[in-house]
């Protein structure tokens with residue numbers, strides 16, 4: 001799952017008849033797809049309380065920043081944003097008006113009270129496992145409290161969240177995220193997720209199917225299942241047997257209206273036979289897999305506590321491509337992990353050449369407080385990290401462009417997601433996740449049409465519709 005602090009304002013319902021006491025909320029999302037999903041579920045909770053969305057903080061009564069803690073810059077972005085909001089809140093106060101500021105997500109979980117100390121203008125801090133308590137927390141804020149809501153028991157937050165209204169789901173489009181698993185038990189030495197999201201927890205089949213059916217009923221055609229280690233999902237199936245993600249995908253594929261399935265993010269250790277069989281047999285499962293490896297060096301993989309070797313990863317890729325030859329691979333890489341030598345880095349470059357990625361995310365290592373990696377010695381100099389990252393990204397970019405060029409002349413089905421920038425233009429999604437731009441003024445959002453790729457754009461494909 002990419003954690004490159006993509007910033008998204010999630011769609012929320014707009015009321016059709018404004019009320020005098022309507023409260024407006026602005027939600028900003030930093031980070032991964034799961035944060036986007038969490039923002040949408042918080043939006044559902046707030047909609048049930050009478051909040052309506054605004055696309056700017058300028059006229060909001062409540063501003064929520066849903067944060068990411070994977071990398072240091074994400075925290076820096078949060079405090080920079082809070083500094084700007086402080087000025088806005090002070091200006092409101094001078095006019096006798098109020099602005100409530102809330103911090104949600106993984107930085108909220110990791111820093112808790114520290115956020116209130118560093119940014120006293122914040123009214124509410126709420127973690128990713130406690131946002132089902134958001135309406136109650138806001139009521140306490142209106143009563144004059146400063147609220148930090150990060151302690152959670154073994155309880156199912158999804159049982160406490162209202163189902164999204166059909167009209168709200170429609171506004172979000174024909175592709176949707178659905179969280180099926182949260183937390184992580186792998187404890188990679190560079191990663192904060194086990195400390196901010198907790199242990200691995202799988203949602204029940206009943207919950208997942210019910211939410212997927214609601215989404216399909218609202219016009220969703222493509223579902224992306226989310227989890228920190230999504231392929232670690234397991235649970236009792238409808239037949240009484242223990243299911244893994246493969247069996248769950250087969251069940252979701254039976255839901256009328258769901259034409260496409262994806263999942264992210266996976267761990268190599270949890271790619272089992274049933275999941276590989278799903279890639280072989282399930283036509284709705286798209287041929288695109290995000291499977292992070294982080295390094296091509298066995299020595300660094302061991303230091304990272306990744307629990308697999310580079311050759312095991314490569315053999316797994318071979319197994320997957322044997323059953324799905326058109327599979328496109330995406331990955332994550334960290335350069336400059338403590339102790340990484342020139343040879344370790346060259347091993348990573350060789351693995352990248354061996355796999356030939358369609359897309360990948362790469363970052364310089366930055367120590368995260370509280371992780372074992374932060375206590376390691378032999379840190380790599382920043383200049384060396386920079387040079388290695390440039391070399392790696394150049395190779396990955398070349399592979400990505402080559403993958404896009406390989407699409408030219410191919411025929412494929414494309415799911416139309418939205419109108420394009422130009423009149424009569426539509427933007428869809430290829431099976432390999434790339435946006436596809438088509439001159440088409442007859443088909444509608446949600447249609448799946450057959451096209452031929454004629455050229456490439458910037459991270460996109462240009463297509464002609466086929467009869």
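The backbone N, Cα and C atoms fix where each Cβ goes, and this holds for glycine too.
What Swiss-Prot records for 32, 68, 106 is [4Fe-4S] cluster 1 binding site. In the three-state DSSP scheme, residue 32 ([4Fe-4S] cluster 1 binding site) is classed as coil. Over all protein chains present, the Cβ of residue 32 ([4Fe-4S] cluster 1 binding site) has 24 other Cβ atoms lying within 10 Å.
The annotation [4Fe-4S] cluster 2 binding site is assigned in Swiss-Prot to 184, 188, 191. Around residue 188 ([4Fe-4S] cluster 2 binding site), the same-chain residues at least 6 positions away in sequence with a Cβ under 8 Å from its Cβ are 294, 304, 305, 306.
Residues or ranges marked as domain 'MTTase N-terminal' by Swiss-Prot on the basis of sequence analysis: 23-143. Residue counts for the domain 'MTTase N-terminal' (23-143) by DSSP state, with H, G and I taken as helix and E and B as strand, are 66 helix, 27 strand, 28 coil.
Feature annotation from Swiss-Prot assigns domain 'Radical SAM core' to 170-402.
Taken from Swiss-Prot, the feature domain 'TRAM' covers 405-467, and the record attributes it to sequence analysis.
The region 'Disordered' feature in Swiss-Prot is assigned to 1-20.
Taking a C-beta cut-off of under 8 Å and a sequence gap of six or more, residue 184 ([4Fe-4S] cluster 2 binding site) has these contacts in its own chain: 191, 193, 194, 197, 199, 200, 228, 229. Less than 8 angstroms from the CB of residue 106 ([4Fe-4S] cluster 1 binding site) sit 31, 35, 67, 68, 69, 70, 127, 128, 192, 193, 196, 197, each of them six or more residues away in the same chain. Note: the domain 'TRAM' (405-467) comprises 2 helix, 35 strand, 26 coil (DSSP; helix = H, G, I, strand = E, B). Each of the binding-site residues 68, 191 was scored by how many other Cβ atoms lie within 10 Å of its Cβ, and the smallest score goes to 191.
Look at residue 191 ([4Fe-4S] cluster 2 binding site): DSSP puts it in coil.
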